[in-house]
Amino acid sequence: MSGSLLLQSVILGVLLGGLYALLAAGLTLYFGIMRVVMIAHSAFLILAAYLAWWFNRETGLDPMLSLVVTVPVFFLAGFLMQRLLVSRLKPLTLTMMSVLLTFAIALIIEGALGFIFTGTQRRIQLPYAGDSLNVFGAQVPVVKLVAFVLAAFALLSLYLLLKYTRFGRALRATIQHPEAARLVGIDTDRTAGYGFGLGLATAAIGGTALSLDATIYPSLHWHWIGPLMAIIVVGGLGSIPGAAIAAMLLGISQSLLQLPLGATWAQTVFYVALFATLMFRPQGFFGGRLAQRF
Amino acid sequence: MRNVSERTASAALGPAVTETVVVVPDTPRRSRWPRLVSLALVVIGAALVLSFPFVAPNPYILSAGVVILNYAVLSTGWNFMGGFTGYISLGHAAYFGLGAYGTGLIVKYLQLPGFVAWVLAALLVVAVSIPVGIAALRVRGASFVIVSIAFVLILLLVFQSWREFTGGSEGLIVPRPFPDLMRPEHHRVFFYLFAALLAAALVAWWIIDRSKFGTALKSIREDEDKARSLGVPTTRFKLIAYVLSALVTALGGGLYALWFGDLDPIFQFSILVGSYMVLMALLGGVRHLFGPLLGALVVGIALEYFKLEFGDTQFHLVAAGLLLGVVVLFMPDGVIPAVRALIDRFRPQQTSIRDVTAAELLEQNRAAATSEPRAGASSDHRAGAAPDPHADADNREVVR
């Protein structure tokens, strides 16, 4: 195995890990806010990818321009979903029932995509699809780099938003201690709704990034939800930095394992990591206090 | 004497649907015959099922009947875990697939007769489900669901990729156990086999439901920490329920393999099949013996209809998703309690003692204490679950 091949694998792993990190951050947000495991997250991801593909087919413009529409729409959808659906569930059975509810949403999205766009595999033809950069002998495709930059930019904005704005502080307070947050005057219900909106907005960005260089089909979301779930459990449920670190590590491992094992078997790394985490450290490796109760 | 008066509404579904066992002193007139009615209804229901192969107009309808019975077996199997302990597994298709593939592979490689392979495969699945159960049951709630989904996905990956052993995506042909039977007779034989398996599963569920073990499992469902503090060995009991559940599901899968004869990893290990089990049980009512069977009837017929009507389009996914969403949002306890509540509204209140779940209890207590509204329960339900002084050991029978 040559050094440049190895380097290329690591670079591709980092690029993939960036996308995983962004999506896992969204999942972590939902979980932190309401203890909701959002199975439909990856279905929304594929929905956004389909919208980007459709936008590109209809207008011929760069699929990234579709973000101007999809991000606000997804934000609104997430807000409404939290306010109208998730908040109606009974608190005692919320975690289990929300899984089923979001599962139902995922089925509806998958079915609707298959119904409207058929099950045919789709791919966006970009003018720069074949280009690649040469980094010390490693070939790095430009589209993957663009997707990574998009994801990294979104993740950074999310971080800055949560860390330095008034709204971000309110959201973090809602996650940490809802009762206390209410006591100091935060409208936790509405903040939780916005948090869901943010989560779905990450799915919109991730989906557009994905559509740049992936072949998409309606049932693709099942291939994403498993790894994403594994990432948030390994990272510790509810911890965004944990999810990001786990995403990077697992993304790189998957990319490296593809060399000896092939693409299909390399995916098992996520599940191996998941079961190992549960066996040895059920609260996750980077999670805090929150994760220990689940 | 049992309290049978509150059972009338449920009589349509059999003798064991109420979980409350309460002494009520003065209902001598009504006590005998709802019980007879429910017994009669069970007998009539069984007779209807058993006579179905003779009234089915063509082999297609008969095969649809077999599919629905198979779903009923799977869903009842799921209900050993989901109904009693409240741990919702979205990945029970894993055991369906393992049972099916186990049977097929044993027949293929060891040349054993089909039904011997079926039993062996079920035992193998039990052996697999123990370590998986130990890992999965270390966590609760959300993480448990994640693990159950991950387990199906990993098996799908393995069975698709391990081409030389499992046949991969091309599928696996399982030889028929009765090679000289014609197709309609084949369906008929398997219809009765599935019916027998379903009956066995229902009887097992009924026995557990009435046992002390079942009460302990239900106490885990209502409040695991409290159950544990009262001395219920929660970990061991959950594991037993999980393994039993896997066993029944695997038996259903193995029988499916012998009946259908052609296995495909995409279907055997699909999250969709697992979610159908959940949908059926939830729709009928997870707390009721016949809930999953009722749900399987409704969902199974609906699925066949959508496949006939819309063919290869993905519309049946939308329908299944909508149905699941409606059930979760509006009747999470299922059809049976919803209908019973409706009937009860038109009857005088007879009992002072009834079945109350921890969720309802919390609701009642909160309504009683409106002067001092409790915040917080919306996001931290563990903390909100504990304020009740009346709940007794198994948290199900409450005197008002």
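Note: Cβ is positioned from N, Cα and C throughout, glycine not excepted.
For reference, TrEMBL has these:
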type     : residues  : note
COMPBIAS : B:379-400 : compositional bias 'Basic and acidic residues'
REGION   : B:366-400 : region 'Disordered'
TRANSMEM : B:36-54   : transmembrane segment
TRANSMEM : B:60-81   : transmembrane segment
TRANSMEM : B:93-110  : transmembrane segment
TRANSMEM : B:116-137 : transmembrane segment
TRANSMEM : B:144-162 : transmembrane segment
TRANSMEM : B:189-208 : transmembrane segment
TRANSMEM : B:239-259 : transmembrane segment
TRANSMEM : B:265-282 : transmembrane segment
TRANSMEM : B:289-306 : transmembrane segment
TRANSMEM : B:318-343 : transmembrane segment
For the transmembrane segment (B:116-137): best-contacting stretch of B:60-81, B:189-208, B:239-259, B:265-282, by Cβ pairs under 8 Å: B:239-259
When counting Cβ pairs under 8 Å to the transmembrane segment (B:144-162), the leader among B:36-54, B:60-81, B:265-282, B:289-306: B:265-282
Paired segments the transmembrane segment (B:189-208) and the transmembrane segment (B:318-343) in contact, 3+ CB pairs under 8 A: no
Segment-segment contact (the transmembrane segment (B:265-282); the transmembrane segment (B:36-54)) at 3 or more Cβ pairs under 8 Å: no
Distant-in-sequence neighbours of the transmembrane segment (B:318-343), which means Cβ under 8 A and at least six residues beyond its ends: 8-10, 13, 17, 272, 275-276, 278-279, 281-288, 290-291, 294-295, 298-299, 302-303, 306, 357
Among B:36-54, B:93-110, B:239-259, B:289-306, stretch most in contact with the transmembrane segment (B:60-81) (C-beta, under 8 angstroms): B:239-259
Cβ pairs under 8 Å between the transmembrane segment (B:239-259) and the transmembrane segment (B:289-306), at least three: no
Same-chain residues near the transmembrane segment (B:289-306), Cβ under 8 Å, at least 6 residues beyond its ends: 13-14, 16-17, 64, 67-69, 71-72, 75-76, 78-79, 83, 198, 202, 205-206, 209, 276-277, 279-283, 315-316, 319-320, 323, 334-336
